[in-house]
Structure formats: C-alpha cells, structure tokens
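Student: I have a structure I would like to understand better, so I am pasting it below and will then ask my questions one at a time.
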Amino acid sequence: MARDQLHVLSALDAAKTQWYHFTAIVVAGMGFFTDAYDLFCISLVTKLLGRIYYHVDGAPKPGTLPPNISAAVNSVALCGTLLGQLFFGWLGDKLGRKRVYGMTLMLMVICSIASGLSFGKDPKSVITTLCFFRFWLGFGIGGDYPLSATIMSEYANKKTRGAFIAAVFAMQGFGILAGGLVATVVSFAFKTVFKASPYSIDPLGSTVPQADYVWRIILMVGALPAALTYYWRMKMPETARYTALVAKDAKQVAEDMSKVLQVEIVVEQEKLERLSQDKKRSFGLFSKEFVMRHGLHLLGTATTWFLVDVAYYSQNLFQKDIFSAIGWITPAQSMNALEEVYRIARAQLLIALCGTIPGYWFTVFLIDYIGRFVIQLMGFAFMTIFMFALAIPYDHWIKKENNIGFVVMYAFTFFFANFGPNSTTFVVPAEIFPARLRSTCHGISAAVGKAGAIVGAFGFLYAAQSQDRTKTDAGYPPGIGVKYSLIMLGVINFVGALFTLLVPESKGRSLEEISGETCGDDEKEAVETQRVQTDCSSRTLPLPVVETKDLQT
C-alpha cells in the first residue's frame, strides 16, 4: 500500500537526474577505475619480473616466473578481493555504507604504494612482500564492489538507476585502458633513455638495472586516483535508504536529503517507527523468510556471476594468439625487457579500446530501455555462440590466413561479455535485496563471482595446455588443449543463460517494491512529488508528508 512507502524515498525515486547523481557516479566510479587498474596492471609486468628475478645464465629464452610463483602473483589479489567482498559487504550493512567506504579507499591507497616498495633484492623477498601487499590491496578492492553498487542504487532514481550503476562499473574499462597507457608511457620513456640489446644478442644486458623501477612505478600509480577521490567520498552523506530503513534515523535522513534534493523534507519518525515494528521487514539472512523470498534470487545472482567470471577471466588464454596474430608480440628472445613491456601494454590498449570499453557503454545506454534480464540472457547466448564458433573449427582459425577472423570473433566475445552478464551481474544484486541485507548479498554474489575468476584465470590456464607434453608451456603438465577448453567455456555460458531465469527484472521499479519492503508503490504521489520539486518557485507547497520549497530563495 502507498502508506508503507516513506515519502523521502518516493522523492528519490521520482527525482529528475541532477548534479548529485553525476557526482556519485564519478566518486564511486573512480573507485572502480582504481580497482581495474590495480587488478589488471600486474599482468603487464609479470614477464618483466621473470626477466629481472628469474634469469638463468645460458638459457635460450629470457627468465620467466615459475608456474607456482606466477599463479601466486596473479591470483593473490583476487583471493583478497573475494574475502574483502564478503567482509566489507557485511560491514556495510552493519556500520553504514559511507563509514566503510573510506576504509576501503585508504586500504587501496596504502597497499598500492606499498606493493611498489616490495622489500629486499633477492627473488624470495621481493615476491613475498609483493604478494603480501597485493593481498591486502585486493581486500580493499573487494569492499568497493558491494559498497559502490549499493550506494549508487540507493542514490539513483528508479528511471535511470540501471544506467547509473552500470556507469560506475563501466569505469573498469577506463581503468584497464589507463593501466595500458601508463605502462606504455613509462616503458617507452625508459627504453628510450636506457638502450639495451635484444636477449638473443646480449642475454644479461637486455634487462637494464633501471627496469626494476618500471614495474614499481606502474603499480604505485594506482594509488593516485583513489587518493584524489578520498575527500569527496567523505563528503557524501549516508544514503537515505540506509539511514531510514536500517539506522531508522528519520531526523538525519530528512537533513541529509534536504541538502541532496534541494528541498525541505519533514521528519517522518512516526511512520518509520511503525514500519520498523513490522516483523516481516526484520528477517535475517539465515532465516526461513529470507530463503522463501530471496533464496532463489541469491542463487541466481551468485551462480551467474560465477559462470560469467569463469568465461571472462579465461579469455586471457587467447591473448598470446591474438597479439601474435596482429604482429605486436614477437618472440621474447627477439626483444629486450623494456621493449617487451611496451609491446604487451600497447596490445592491452588495443583490446580495451576495441572490445572492453564499447560493451560497457552499450549496457549503460540501453539497460533502462531493454532491461537487465534481456541484456544478460542475450550476452550469455552470444558468448555461447562465439565460443562454439571459435572451438568447433579451431583448426581453421589457427591458420595464418584466418588470423583476422580469429581476432574479430575474439573481440565480439569480449563485447558481449561486457554488453551482457559482466555488467548486469554487478547491477542486479544492488537492486533486488532488502536495504538491511543489500550490501551483504551483493558481497556474497561478488565473492562467488571472484571464485569463478580464479577458476577461469588459473584452472583453464592448466586445462588449455596441449595434450602433447612436448608442446606445453614451461613447468605445466599436459591439459585438454585450447579447443576443448573453448567447448567447456561454451557449455558454461549456456548454463549461465539457464541460471539467468532465476533473476528477476528490476527495471523501472523502486528498490522497496522489488525487495518487498513495501506493499506497493504509489505512482500518483511520486508524480506529484516530482511535479512539486520541478514547478515550485519561492513559495512552500504542502504535501501530505513532504514539504518542498526553493532553498535558494
């Protein structure tokens, strides 16, 4: 019924897009920009770490990280992210979104800097300290997932909420792009100043001593965007939905939203107390009531996020084939250390520009028109098609004359991951659960997804090894091969499409209506609230509970 909806929340739902919406997108989005930069920049410098710390005199190829060391360096941040999503997601519902938001950002800043200051000169010391700080960096990044999504969903109006949350997530694309750009600029500057011969000519001299600064600078730059947004995160008021529905402080929510909406909000303490006494609105995460109402929803959001991340993070299997096909990566022994970093970073720029960023922004522009469900189902369907199209005629694609077709298919797979489940699995969990459990449930879904990322990035790295022991990468046992790995990924995407059927559509509905925290949504009152906010001038117009006036008068 309409009386069950707080009018301040109706005003938020009906509000036109205003400056505070864009401020929230930028502040939350810069966190995701930093997250993506920090998580993905490590792949740009792992080969350099191998050359510096694992050089073997007389070896025909440059030094590389042993498989166990490579797995640790690349996965430790993902492990930290998984735990951070669970912990900070829970904490965001207990202490408030804003209070925890600052903690995660400071952790990211400190650990970004510290990861570039890894102590010692011998390989064991450097790798140990690097892994230690990157674990805690990932822990902070993990907190950003549930908090950024929840804050944006609770600030947004219901008409454009999907686009706003997706825009925050889309900043990941720019973070990946920035990682490639920074690595390109730094490596180019160093290789221009410090000349070196290729490994095949001078194995030891191909890695200049100054190369040790390159990977440290690239990792430490990740602290900069996070530090720049700390002040603005602390200036953001707590979300109205947390303050009203969880903290139950009607006076504070009226004060905060009066500033945000530029209208005067009358305190609704009596209605808030009446709502808080309803036991149907107080069930916990492990209650029978939650399982009945939201159990299948949580299963749907968690499994689809897991499955898409298995597929999404496994796509690094193809990158060496892609980069070789377009001629940007030559054999390691034909380059010096800094040239290799430069070429890898330049290739990542290409992938980000052509496959990653466009898909994100297609989602932003279309999600509130065609809906989350359609985009996610379509994305899984097209990823399935393209995976099978790559796998079944795999012997055709690996021929040199067909490399361009392979590149195009690969780009489309990335495009439909981002214009599809990679974006929607972030958006939907921030909308469909009650306010008191929203951050926790988003954190659970994200953590299960990150487990999928670990499986995709490392499980398939072993699985995709050639069945012929003589053709496997150094240190790896034989696997099932790339072709059969692609078939498995196609099946995984198909299963993801099936689990999407468990996820409800949330387009155009208020958060309280979706989660069942109100019995209905009074559209007439929402329209009237919006009309009064838009049309009022210097006079104060009475509403049943909310009074508005032009505060600038």
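Cβ coordinates are placed from backbone N, Cα and C, and glycine is handled just like the others.
Note that the structure is a prediction, hence the values are computed from the model and not measured.
Taken from TrEMBL, the feature domain 'Major facilitator superfamily (MFS) profile' applies to 24-508. Residues or ranges marked as transmembrane segment in TrEMBL: 20-49, 69-88, 100-119, 163-190, 213-232, 349-367, 373-392, 404-423, 443-463, 484-503.
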Student: Would you report the average pLDDT that the model assigns to the domain 'Major facilitator superfamily (MFS) profile' (24-508)?
Tutor: 88
Student: Which sequence positions outside the transmembrane segment (100-119), separated from its termini by at least 6 residues, show Cβ-Cβ distances below 8 Å to it?
Tutor: 31, 34-35, 38, 84, 88, 91-92, 125-127, 129-130, 133-134, 136-137, 139-144, 147, 151, 215-220, 222-223, 226-227, 229-230, 233-234, 236
Student: With the transmembrane segment (20-49) as the reference, find which of 69-88, 163-190, 349-367, 373-392, 404-423 contributes the most Cβ pairs under 8 Å.
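Tutor: Between the candidates 69-88, 163-190, 349-367, 373-392, 404-423, the best contact partner of the transmembrane segment (20-49) is 163-190.
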Student: Have the transmembrane segment (404-423) and the transmembrane segment (213-232) got at least three CB pairs under 8 Å, pairs 6 or more apart in sequence?
Tutor: no
Student: Where else in the chain does the transmembrane segment (484-503) make close Cβ contacts, counting only residues six or more beyond its ends and a cut-off under 8 Å?
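Tutor: Result: 296-297, 299-301, 303-304, 307-308, 310-311, 314, 317, 372-373, 376-377, 380-381, 383-384, 387-388, 390-392, 394, 421, 428, 432, 460, 463-464.
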Student: Of the listed stretches 69-88, 163-190, 349-367, 373-392, 443-463, which one has the most C-beta pairs under 8 A with the transmembrane segment (213-232)?
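Tutor: Top-ranked stretch among 69-88, 163-190, 349-367, 373-392, 443-463: 163-190.
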Student: Could you check whether the transmembrane segment (69-88) and the transmembrane segment (349-367) come into contact, where contact means at least 3 Cβ pairs under 8 Å with the two residues of each pair 6 or more apart in sequence?
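Tutor: No, the stretches stay apart by this measure.
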Student: Any residues 6+ beyond the ends of the transmembrane segment (349-367) with a Cβ under 8 Å from its own?
Tutor: 162-163, 166-167, 169-170, 172-174, 176-177, 180-181, 184, 319, 322, 326, 328, 375, 410-412, 414-420, 422-424, 427, 507
